[in-house]
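These notes are about the structure you will find just below.
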Amino acid sequence: MKFSISSLKQVQPILCFKNKLSKVNVNSFLHPKEKVIFVMGATGSGKSRLAIDLATRFQGEIINSDKIQLYKGLDVLTNKVTPKECRGVPHHLLGVFDSEAGNLTATQYSRLASQAISKLSANNKLPIVAGGSNSYIEALVNHSSGFLLNNYDCCFIWVDVSLPVLNSFVSKRVDRMMEAGLLEEVREVFNPKANYSVGIRRAIGVPELHEYLRNESLVDRATKSKMLDVAVKNIKKNTEILACRQLKKIQRLHKKWKMSMHRVDATEVFLKRNVEEQDEAWENLVARPSERIVDKFYNNNNQLKNDDVEHCLAASYGGGSGSRAHNMI
């Protein structure tokens, strides 16, 4: 039976899947939702690296979801990606607010992130939301407006690392950050009367260095050295606590979003001894598996199987067949 495009608009087809009848608009079936990728994980797990890997392979851009990295400044302490690490991938909502600005609520973040997602999709770019503030991600997905779930298909990739292994890495990372100028960076913004519950001063490392910076000019060298050691130990301890808290929240969200969340175990990467081995393990155990996840996410949602299309047309018109493939990569 021949049919025209206009006839498609006039009939509401009844599709039968697994012996269940359901009315489905043909247009929504032939034109699937746009896509959004979320890269999640505890601090230090490699979220930013994976997000950039995926962005370079799928023409994406990254939307930051770390509540501390929203602010300008303290780039070493907050572990912002460097221009070299970005590899030319644009980042949004990264270092955009003044350090003295107040705290951005989850609702406010959801609005800003939604605007960024819409803009990127309109420009045929894949939005990749990445960061450690899982409360922001949960608020964005579950926003009362229904913006995200009504307009986008979501895929969540969880970069997981065994907590003892991650804690060891985080401890060494703090040492590297100290060598890279963390102390000098915090000293520049130090204010003995500052409120450590607002803005960028909430970052782990700022409150911990308060006593040292307040007293460094008043004590002898030995006392000063001991005070700095205590501050660094507290930075490491509180970062480990943060990683544990983030992991628990992700595990809760995994139970909630299980069908859409994919766990990628990066533990072996962190156990390698040299950079070459780490890079090879990352590519084989994290980057390529994640690339396959995203590729499958695209194809499963964007390509209609011939049987599905024939079923659609047969139910609506009593016969005929056709197919239409959508490949957004």
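Cβ from N, Cα, C; glycine included.
Pulled from Swiss-Prot:
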BINDING   GLY41, ALA42, THR43, GLY44, SER45, GLY46, LYS47, SER48  ATP binding site
TRANSIT   1-40  transit peptide
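Distribution of Swiss-Prot features across the structure.
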{"residue": "GLY41", "record": "ATP binding site", "Cβ contacts under 8 Å, 6 or more apart": "LYS47, GLY132, TRP158, VAL159, ASP160, VAL161, GLN246, ILE250"}
{"residue": "ALA42", "record": "ATP binding site", "Cβ contacts under 8 Å, 6 or more apart": "GLY132, VAL161, LEU163, LEU166, LEU242, ALA243, CYS244, GLN246, LEU247, ILE250"}
{"residue": "THR43", "record": "ATP binding site", "Cβ contacts under 8 Å, 6 or more apart": "ASN79, GLY132, VAL170, THR239, LEU242, ALA243, GLN246"}
{"residue": "GLY44", "record": "ATP binding site", "Cβ contacts under 8 Å, 6 or more apart": "VAL161, LEU166, PHE169, VAL170, ARG173, THR239, ALA243"}
{"residue": "SER45", "record": "ATP binding site", "Cβ contacts under 8 Å, 6 or more apart": "VAL159, ASP160, VAL161, LEU166, ALA266"}
{"residue": "GLY46", "record": "ATP binding site", "Cβ contacts under 8 Å, 6 or more apart": "VAL159, VAL161, ALA266, VAL269, TRP282, VAL286"}
{"residue": "SER48", "record": "ATP binding site", "Cβ contacts under 8 Å, 6 or more apart": "VAL81, GLU85, ALA130"}
Additional residues surrounding ATP, by Cβ distance to the GLY41, ALA42, THR43, GLY44, SER45, GLY46, LYS47, SER48 centre under 8 Å: GLY132, VAL159, VAL161
Neighbour count (Cβ, 10 Å) for LYS47 (ATP binding site): 24
Collapsed DSSP category at ALA42 (ATP binding site): coil
Secondary structure of LYS47 (ATP binding site) (DSSP, helix/strand/coil): helix
